[in-house]
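According to TrEMBL, the features are:
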type	residues	note
TRANSMEM	7-29	transmembrane segment
TRANSMEM	41-63	transmembrane segment
TRANSMEM	83-103	transmembrane segment
TRANSMEM	109-131	transmembrane segment
TRANSMEM	143-161	transmembrane segment
TRANSMEM	167-186	transmembrane segment
TRANSMEM	198-218	transmembrane segment
TRANSMEM	230-248	transmembrane segment
TRANSMEM	260-279	transmembrane segment
TRANSMEM	285-306	transmembrane segment
Amino acid sequence: MSDTHSLLRHVPVPLFAAVMGLGGLSLAWRRAALVWDLPSWPWHILFGVTVAVFLLVAGAYLAKLIRHPDAVRADVTHPIRMAFVPTITISLLLLATGFSDIAPALARGLWWTGAVGHLVATLYVISSWFGRKDINRDTMTPAWLIPIVGNVVTPLAAPTVGNLELAWFSFGIGVIFWLGLWPMLLNRVLVHDNPLPTKLTPTIAIFLAPPSVIALSWQQLTGHLADPVGVILHAAAVFFALLLLSQVPRLVRLPFSLPILAYTFPVATVATVTVAMAGATGSGFHAALAVIALAAATGIVLGAVVRVAWGTVRGEVLVAE
């Protein structure tokens with residue numbers, strides 16, 4: 001029993017990134033089914049796995065909250081880990097998006113909980129950045145984009161099960177703060193004297209997510225993707241993907257750590273927006289690019305999640321930081 005209690009204390013909040021990655025991949029395959037008239041079973045299976053992983057991770061983290069509230073408090077107040085706490089509300093928003101066609105009433109409840117909860121989480125995290133002296137350039141990482149990205153996830157299901165006014169409100173917050181944080185985080189990664197800790201190097205993949213999700217939400221809110229705004233955002237997402245690809249020789253040499261989950265949601269969003277762009281433009285080039293992106297995202301997401309699951313079994317995940 002004491003061993004179980006010890007393991008619960010070390011359940012890491014970034015495990016919710018696995019839900020984000022699987023949820024994002026299921027939505028990429030859902031978009032592919034719509035654009036290319038593919039069978040729906042791949043995305044249904046992936047979404048079912050997403051729900052199962054969410055229930056497992058959420059159950060474990062809830063048990064941690066009940067048994068070790070001090071450890072959860074440490075997550076919420078830690079200068080680096082606090083940025084991962086909004087992965088919980090983003091997971092709810094992605095589940096709402098997936099359930100929007102399957103169980104609208106459930107999706108509506110998930111959407112409102114996730115949307116309002118994420119605004120609260122964003123306010124808390126950003127106010128902490130403003131007010132705490134222990135949060136500085138050395139504790140800044142690309143994970144700072146997580147609370148920002150969640151606000152632009154909100155509109156994805158808003159037209160069907162949410163509220164457009166709240167969706168636009170969240171979208172505006174996400175876009176403005178992304179534009180503000182983006183140059184600061186690039187400076188941190190590219191030229192800052194103190195480099196990112198090796199363990200957090202995979203978080204550079206998070207740069208892919210904002211332009212991808214903003215483009216998808218722009219389409220949901222306006223009905224347009226192949227307009228100048230959508231094309232520019234998609235180009236930025238693809239270019240960041242190419243930059244990440246150029247870093248593969250360095251990234252594959254990194255030792256295993258939980259932040260490999262940072263690859264999952266961003267690559268899934270790039271695949272989704274590229275498939276969506278292929279559908280919006282009818283371009284053969286975009287279609288070919290979408291096939292490559294979807295195949296790569298599928299391999300990366302499933303590979304990372306399986307590796308983390310194996311690492312959990314081997315005792316590499318539920319350990320003290």
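Using N, Cα and C of the backbone, Cβ positions are placed for all residues, glycine too.
The model shown is predicted, which means the values in this text are computed figures rather than measured ones.
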**Request:** Determine which residues of the chain contact the transmembrane segment (285-306) at the Cβ level, with the cut-off under 8 Å and only residues 6 or more beyond its ends counted.
**Result:** 18, 21-22, 24-25, 28-29, 32, 35, 53, 238, 241, 260-261, 263-264, 267-268, 270-271, 274-275, 277-278
**Residues from the same chain, set at least six apart from the ends of the transmembrane segment (41-63), whose C-beta lies under 8 A from its own** = 8, 11, 13, 15-16, 18-19, 22-23, 25-30, 32-33, 72, 88, 91, 94-95, 98, 305
**Request:** Determine which residues of the chain contact the transmembrane segment (198-218) at the Cβ level, with the cut-off under 8 Å and only residues 6 or more beyond its ends counted.
**Result:** 80, 141-143, 145-146, 148-149, 152-156, 167, 171, 174-175, 178, 182, 185-186, 189, 224-225, 229-230, 233-234, 236-237, 240-241, 243-244, 247, 250-251, 254-255, 257, 259-263, 265-267, 269-270, 272-273, 276-277
**Request:** May I ask for the residues of the chain that lie six or more residues beyond the transmembrane segment (260-279) and have a Cβ under 8 Å from a Cβ within it?
**Result:** 14-15, 17-18, 20-25, 27-28, 31-32, 34-36, 142-143, 202-203, 205-209, 212-213, 215-216, 219, 225-226, 230-231, 233-234, 237-238, 240-241, 286-287, 289-290, 293-294, 296-298, 300-301, 304-305, 307-308
**Prompt:** When you scan the chain for residues with a C-beta under 8 Å from the transmembrane segment (143-161), skipping those not six or more beyond its ends, what do you find?
**Reply:** 27, 80, 83-84, 86-87, 89-90, 93-94, 96-97, 99-101, 104, 107-108, 111, 114-115, 118-119, 121-122, 125-126, 129, 167-168, 170-171, 173-175, 177-178, 181, 185, 200, 203, 206-207, 209-210, 213-214, 216-217, 220-221, 262
**Prompt:** In the same chain, who gets a Cβ under 8 Å from the transmembrane segment (167-186) while lying at least 6 residues past its ends?
**Reply:** 115, 118-119, 122, 126, 140-142, 144-145, 148-152, 154-155, 158-159, 207, 210, 214, 217, 220-221
